[in-house]
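Engineer: Dropping the structure in here first, questions after.
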Amino acid sequence: MFRSGERPLGGLAVPAEQRDFLPLETTNNNNNHHQPAAWARRASAGPSASPVPSAPSSPRPAAALPASESTDPASGSSNKRKRDNKASTYGLNYSLLQPSGGRAAGGGRADGGGGVYSGTPWKRRNYNQGVVGLHEEISDFYEYMSPRPEEEKMRMEVVSRIESVIKELWPSADVQIFGSFKTGLYLPTSDIDLVVFGKWENLPLWTLEEALRKHKVADEDSVKVLDKATVPIIKLTDSFTEVKVDISFNVQNGVRAADLIKDFTKKYPVLPYLVLVLKQFLLQRDLNEVFTGGIGSYSLFLMAVSFLQLHPREDACIPNTNYGVLLIEFFELYGRHFNYLKTGIRIKDGGSYVAKDEVQKNMLDGYRPSMLYIEDPLQPGNDVGRSSYGAMQVKQAFDYAYVVLSHAVSPIAKYYPNNETESILGRIIRVTDEVATYRDWISKQWGLQNRPEPSCNGNGVTLIVDTQQLDKCNNNLSEEKEALGKCRSNASEPLSKHSSNSSSGPVSSSSATQSSSSDVDSDATPCKTPKQLLCRPPTVTRVGSQDVSLEVSQAVGKMQSTQTTNTPNNANKSQHGSARLFRSSSKGFQGTAQTSHGALMTSKQHQGKSNTQYYHGKKRRHKRDAPLSELCR
């Protein structure tokens with residue numbers, strides 16, 4: 001939130017009153033009015049579009065908007081941030097968002113957010129009040145915004161395309177990934193940081209830039225060479241996925257910084273939750289880019305580490321720490337109390353605050369006043385935050401977030417209208433509809449949900465017979481069921497306790513999500529759908545060419561002779577003499593079942609009845625291993 005008389009980053013004018021967020025109805029919101037991006041046009045072309053095109057058919061049209069749509073009517077300046085940043089919420093007024101059951105213009109998905117408020121797709125339930133509810137919502141936000149496997153796959157393909165161009169120029173060059181993509185703390189629209197190691201007298205920035213244009217890896221207008229920066233880089237946008245990539249040369253600290261972040265993440269388990277929320281908070285306000293004066297990911301991470309190091313709470317390292325309390329106190333520290341003009345941040349040796357006047361005289365690039373001083377723990381003479389000249393605007397945004405969240409978790413918040421359904425975190429963070437659509441497109445292009453899973457039995461063998469045909473097989477076994485009917489009725493009482501502890505063959509159908517946990521006798525691949533487990537007929541199992549019914553007659557004879565003396569306690573004692581079946585592969589039984597007398601094994605039935613199986617010290621195959629022809633005989 002920018003205060004009166006100040007201008008946000010990017011040169012956009014701000015009137016006297018705060019207008020960081022404007023009503024949804026205003027014409028200033030162009031999120032859903034500009035032409036679709038390249039990935040959106042290819043998605044509408046159909047599923048036949050290649051996920052890795054060698055040459056894109058057309059450039060991104062967002063750079064050539066009509067004048068009526070690309071200009072802010074209030075400020076008269078080009079609304080470029082809407083096109084460059086899908087996550088930008090400039091032009092939205094959170095307090096004026098109304099309940100909606102669908103997509104709000106520029107507000108994001110409402111259907112994913114419990115169908116109540118737009119822009120909060122992580123909100124799938126009602127939370128508790130106060131900081132407890134904020135903690136729960138931060139957890140859900142982290143789960144929703146965490147990288148998906150298909151997003152990682154898509155990014156690796158982008159890296160492969162760029163690496164192939166680099167290898168073509170310099171076969172001995174080494175390309176490595178660092179930054180948020182390396183650590184896993186990246187948002188759906190975060191960029192990819194690459195570093196190229198090689199032997200050059202002069203950095204080949206323009207050589208690589210020309211090669212990237214020639215191979216059409218990047219959009220023609222997106223490739224930029226920042227040769228005057230402290231760390232010269234090449235910035236580009238992938239022509240197909242619109243993923244932004246930064247390429248540097250021979251920078252060792254980038255890879256080392258990724259390892260440092262992983263170490264701190266292990267020490268402070270709360271860090272990933274805080275960092276992801278803070279990155280989204282800055283990203284949607286265009287305060288995350290260093291070359292525009294914002295705070296980069298590495299600086300933001302070090303600020304969070306310093307906050308936890310010097311935090312007065314003793315539970316900062318405990319995994320179940322309340323994330324809501326820590327987030328509010330982070331905003332309070334860096335939004336109100338931290339003195340940016342006189343105080344610097346040091347992470348090394350447990351963390352401390354230092355006087356900027358003393359340490360900046362010994363900096364590598366000489367004495368230069370810096371608005372935000374953060375000492376690099378990997379190179380103490382390096383000021384990580386020296387390029388963040390817009391740190392005061394970030395400070396004001398943090399102060400705004402502290403005020404909003406403090407009121408949202410206060411005791412009087414329960415008297416606010418819609419306090420039970422309104423998102424607390426959504427007061428300062430929103431996910432735009434463009435980001436949600438972009439993630440859906442990635443899931444369709446690189447996800448696994450469109451690949452049909454073949455039906456299988458319990459051993460992971462593909463079924464060539466329809467499940468309904470297998471159900472008919474159950475009707476052909478009525479005679480065999482009647483043959484065992486009497487022994488079931490006579491042994492029903494002693495089996496009630498014995499069956500609860502005995503090993504069971506088929507997987508219980510009552511647990512659809514844990515289809516493999518109930519089968520303790522099988523190491524084979526479990527069936528992925530419980531519906532297919534229901535179709536296995538409860539037939540008498542064969543052992544090689546011998547029928548188990550021979551063993552059944554022997555076991556029933558012994559049971560009838562001792563039935564008058566057996567009690568439930570004796571039935572439980574016989575449990576200790578029984579042996580479990582162990583099978584190391586789907587080829588057949590490989591263990592031995594040894595018992596002093598006929599042991600009665602009971603299996604759970606998926607059709608509501610209990611079926612008993614008897615064996616007497618012989619090797620047998622599990623019923624899942626029976627051939628399909630035997631099941632339907």
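Placed from the backbone N, Cα and C atoms, the Cβ positions cover glycine too.
Here's the feature list from Swiss-Prot:
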- 25-34: compositional bias 'Polar residues' (COMPBIAS)
- 87-98: compositional bias 'Polar residues' (COMPBIAS)
- 103-115: compositional bias 'Gly residues' (COMPBIAS)
- D191, D193: Mg(2+) binding site (BINDING)
- G254, K279, S297, Y298, N382, R386: ATP binding site (BINDING)
- 542-552: compositional bias 'Polar residues' (COMPBIAS)
- S545: phosphoserine (MOD_RES)
- 559-614: compositional bias 'Polar residues' (COMPBIAS)
Engineer: How many Å lie between the Cα of G254 (ATP binding site) and the Cα of D191 (Mg(2+) binding site)?
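Structural biologist: Approximately 14 Å lies between the Cα of G254 (ATP binding site) and that of D191 (Mg(2+) binding site).
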Engineer: Quick check on the binding-site residues K279, R386: which one has the highest count of other Cβ atoms within 10 Å of its Cβ?
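Structural biologist: Answer returned by the neighbour count: K279.
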Engineer: Are there residues of the same chain, six or more positions away from D191 (Mg(2+) binding site), whose CB falls under 8 angstroms from its CB, and which are they?
Structural biologist: G179, V243, K244, V245, D246
Engineer: So for Y298 (ATP binding site), how many other CB atoms are inside 10 Å of its CB?
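Structural biologist: Result for Y298 (ATP binding site): 23 neighbouring Cβ atoms inside 10 Å.
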Engineer: Judged by the number of other CB atoms within 10 angstroms, which among S297, N382 is the least packed of the binding-site residues?
Structural biologist: N382
Engineer: Considering Cα atoms only, can you say which of K279, Y298, N382 is the nearest neighbour of D193 (Mg(2+) binding site) among these binding-site residues?
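Structural biologist: Given the candidates K279, Y298, N382, the nearest one is Y298.
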Engineer: Let me make sure I understand the span of the ATP site: among G254, K279, S297, Y298, N382, R386, what is the greatest distance between any two Cα atoms, in Å?
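Structural biologist: It comes out at 23 Å between the most distant Cα atoms.
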Engineer: Could you check what DSSP calls D191 (Mg(2+) binding site) once collapsed to helix, strand or coil?
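Structural biologist: The residue in question, D191 (Mg(2+) binding site), is coil (DSSP, three-state).
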Engineer: What number of additional C-beta atoms lies within 10 angstroms of the C-beta atom of D193 (Mg(2+) binding site)?
Structural biologist: 26
Engineer: I want to verify one value. Collapsing DSSP to three states, which class is R386 (ATP binding site)?
Structural biologist: coil
Engineer: Taking 10 A as the limit, how many CB atoms besides its own sit near the CB of G254 (ATP binding site)?
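Structural biologist: So the Cβ neighbour count for G254 (ATP binding site) comes to 20.
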